[in-house]
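Take a look at the structure below.
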Amino acid sequence: MFSLSLIQPRLRISEIPVTQSYKSPTICYSSDSRTKREEQRHVRLPGFRLVSGKRASFDSGFSGFKGENVNQDDSSSFDSERVDYALLAEWLQSSNGMRLIKRIHAMALKCFDDQVIYFGNNLISSCVRLGDLVYARKVFDSMPEKNTVTWTAMIDGYLKYGLEDEAFALFEDYVKHGIRFTNERMFVCLLNLCSRRAEFELGRQVHGNMVKVGVGNLIVESSLVYFYAQCGELTSALRAFDMMEEKDVISWTAVISACSRKGHGIKAIGMFIGMLNHWFLPNEFTVCSILKACSEEKALRFGRQVHSLVVKRMIKTDVFVGTSLMDMYAKCGEISDCRKVFDGMSNRNTVTWTSIIAAHAREGFGEEAISLFRIMKRRHLIANNLTVVSILRACGSVGALLLGKELHAQIIKNSIEKNVYIGSTLVWLYCKCGESRDAFNVLQQLPSRDVVSWTAMISGCSSLGHESEALDFLKEMIQEGVEPNPFTYSSALKACANSESLLIGRSIHSIAKKNHALSNVFVGSALIHMYAKCGFVSEAFRVFDSMPEKNLVSWKAMIMGYARNGFCREALKLMYRMEAEGFEVDDYIFATILSTCGDIELDEAVESSATCYLETS
């Protein structure tokens, strides 16, 4: 957020004459270097004093005014002929409380019939600085004339305190008044507004006006890069970044963060290296963005180098940097390093504790996650929704049903049981612990059931051997208009395979094809397993052969399908083909083929299959 600077009059304090029991400064104004110094004007205001020999400000007592009512008669406290707008603007900038701001405003209303615009601008900016947006808006609305600085100050004030809707409404009024876009700070405010509201088309129009007017400096161009990055327009962000004659840490961080968020981790790492080569030291936001890229790309070695840079260059290691480091190590499978970072952090908040609990739960260390959660509770830290989801997953992974039910009771007490993510995880927990009835009750009580909650129920029933219930839930899900995801298809096809429900399996195959889900390797593997389990090996191979991508699961499903249906030679051929394409044949596959091919000469079968594979190659 780029804050507006106040308009400062050129003042010079020349002497401080003593009048009665208080001091009153003599202010000299210099409007032009070619003119002579104007006559000194003595201003008599109580409590005015010189601060550090440089600026004038109000004494905290300021007993000359008896109230904050702007209509109150205080004419006895000052001489209106000796008060100047420039002096009042200077006092506004020196004031540290709204009480003084209102008194200065009252003085201006009493001394002058008309307010000049720049005094009103300073008054608005001072109110914004002290957080009184209501009074700032009253001043704004009461100004008979406004310029671009006036509108900018008010819009910037709303943005500063997160009131994007009010800022946007004010901008619409700005456009209706037909004021031209000429102020660089206004462009910065509008780009920040468009960034927060993801108003891409409006932001592009602002960009067009920037080009038309010819506005451009480092802050404006960085705001433009940040706007495109926040709207997910990576190409436009990079184009705007490349056109910058001068770059700063903010612009580098914006493009690195955009690359990381859009899944271009390698590109983000390359940009980060370029930033260092241009001698820019990253800040904590840059570090968090590049660590996210390392997490997604599993770039552990580079992540360690970033960690070393943070330590050596003494980059601010707040909870966000520490949490990003923990997340990077956890997603790269280095739980011990993740725990070391956690233990070395001097400050930990709910986000930090949630991150370490989620990391242990995700990597299968459920007991450790539960232990950390108990420590967190003893330290009286309030868990958020993500903490609850993580600890429920930890309970499910180790079968801690009792603790899960305790958490469920606490969830109901805190009135968060209708949260779809918490509800879906509760469904998964109860299914994992064999409590399908409790899982169904949770599902029924959810006000809106999304694909995650339905999939949790279907997967749970399928794993528990309740195939017919799983398929009924799939039917109900589709009737409610919820589109299945690849995990839903895989779970439902597993239920079809276990119950050998070929007709339903074919229907699911048709739906998956219609929704373009067949390209997913897990859906393809589940289809192979279903057709092979139902005895339709040729259809299983047709699915296998049409898969654009194969993994170990799909190879294994097809080989097992051949072997269990008595097609030993085909199984052996496929095993050799699998090995030739770089996949390791595990002992389970080999043992299955040996056990099912006992009625043929194995050496002859192996030799013929190998020869056949070499010929086809």
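Each Cβ is built from the backbone N, Cα and C atoms, and glycine gets one as well.
Per Swiss-Prot, the features are as follows:
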TRANSIT   1-19  transit peptide
REPEAT    116-146  repeat 'PPR 1'
REPEAT    147-181  repeat 'PPR 2'
REPEAT    183-217  repeat 'PPR 3'
REPEAT    222-247  repeat 'PPR 4'
REPEAT    248-282  repeat 'PPR 5'
REPEAT    318-348  repeat 'PPR 7'
REPEAT    349-383  repeat 'PPR 8'
REPEAT    384-418  repeat 'PPR 9'
REPEAT    419-449  repeat 'PPR 10'
REPEAT    450-484  repeat 'PPR 11'
REPEAT    485-519  repeat 'PPR 12'
REPEAT    520-550  repeat 'PPR 13'
Non-local residues, at least 6 beyond the ends, that sit with Cβ under 8 Å of the repeat 'PPR 1' (116-146): 4, 6-7, 85, 88-89, 92-93, 95-98, 101-102, 104-105, 108, 153-154, 156-158, 160-161, 163, 177, 179
For the repeat 'PPR 3' (183-217), the number of residues DSSP places in helix, strand and coil: 28 helix, 0 strand, 7 coil
Residue numbers, six or more beyond the limits of the repeat 'PPR 2' (147-181), whose CB comes under 8 Å of its CB atoms: 1, 3-4, 7, 117-118, 120-121, 124-125, 127-128, 131, 133, 136-137, 140, 187, 189-190, 192-193, 196-197, 199, 206, 209-210, 213, 215
Same-chain residue ranges lying at least 6 outside the repeat 'PPR 3' (183-217) that approach it to Cβ under 8 Å: 1-2, 4, 148-149, 151-152, 155-156, 159, 164, 167-168, 171, 223-224, 226-228, 230-231, 233
Residue counts (helix, strand, coil, in that order) that DSSP gives for the repeat 'PPR 7' (318-348): 23 helix, 0 strand, 8 coil
Residues from the same chain, set at least six apart from the ends of the repeat 'PPR 13' (520-550), whose C-beta lies under 8 A from its own: 486-487, 489-490, 493-494, 496-498, 500, 502, 505, 509, 512, 557-558, 560-562, 564-565, 567
